[in-house]
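> Pasting a structure below so you can have a look.
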């Protein structure tokens, strides 16, 4: 638990801070060896275990801080609650908060009654634009919920040919849906500044902008893509080094992005081989239009994330890939590009040829498969198609012409055609087995003395499982209980037969 600057006596953290040392990873900077609560009777650690020393240090640290011999449980809980509230980062002025804590006399109830929302930081809002629908959402809202709300807004206010070129304004109802009405003016000003300056650096308290483009295909032509762009905002730039600033594009209106325009995405050949640096070395052929011949005919959304950090030297920024623009501008300087694609599923490997097996024609799957929103359920799509597109049974026995699906099944079957049939044949009853282990297990039946004997009644059994079932008679154990009539059974076969005969209708 990281320490915060707090009152001297009430919070017990005025002179406490973490200092890393060689002997312990986390220790208090103050000397706690003289504290009466820190004098604990720990047995000396002979093995020098670092984990034991660390636990002892933490035990002494918390006893010295909370002082359980002097404070009540409520006082200690209040200290922990206030410390955790300071660690969340929502507090705007920690010093003012500690002053209120001292003024309340370390009483948590009085302290909470005096608190207002003025001590909290303003919420961070994100401007989202998708197919002409715009709204403000909290940065912690899931992306699925954002897309769902924007689709509902689009269905409620579907544009007509007359007003198709007009952008849809952010409504107050959408702000209420995010629970952040109090930051409407600040977020709207930031959105307007973003739309006015495309490709230029951001300044002030402008928020992050999320651009979502979703295209719906016709059954004969094309498949729609969802292109999401998460540029870095000025808020994240303030936390980094001052050597560069962060630039992000504005959300285009419906006039900039026609509804019938083909979706664009990054080609796999245009990404540099050095994936660690994610440096894009090609601008001329950076986009690729997916035609309807290479994309499945059902509707699916693919997610494309493109983050770009610009250096402050060029005056004109690059046009972000994945966002359609009316005209292209020559980019100056260099840019570091982090590209993550969740819609790539390619199969380019040739089928394996197994010598001695039946030949077959196999259709290659080389078209890209776009994953939908529920991409976790679609992940095994490639292996599923590979497995079920081939013939049902591939492996053929050359002696009896039997077909098998797996090689291990064919290998097990071929043992029956071996010349060493004496190893697989029971001498007593002339029964043939596929494995030598099965024959040995079977031969126990023909033995005059059975190896497993009951210690109570000295009855012998050929198998150990039969002995265990027999011993339940002496112990009275009945592990199988019917949940419907509470009858108990000794064996599972008897239990299942009871269910079939008496509780089939239930």
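From the backbone N, Cα and C atoms, a Cβ is placed for every residue, glycine too.
Below are the features I grabbed from Swiss-Prot:
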- 37-119: domain 'SCAN box' (DOMAIN)
- 1-24: region 'Disordered' (REGION)
- 395-417: zinc finger (ZN_FING)
- 424-446: zinc finger (ZN_FING)
- 452-474: zinc finger (ZN_FING)
- 480-503: zinc finger (ZN_FING)
> Should anything in the same chain at least six residues away from the zinc finger (424-446) have a Cβ under 8 Å from its Cβ atoms, list it; otherwise answer none.
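Result: 412-413, 415-416, 418, 462-463.
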> What are the DSSP helix/strand/coil residue counts across the zinc finger (395-417)?
11 helix, 4 strand, 8 coil
> How does the model score the zinc finger (480-503) in terms of mean pLDDT?
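That region's mean pLDDT is 91.
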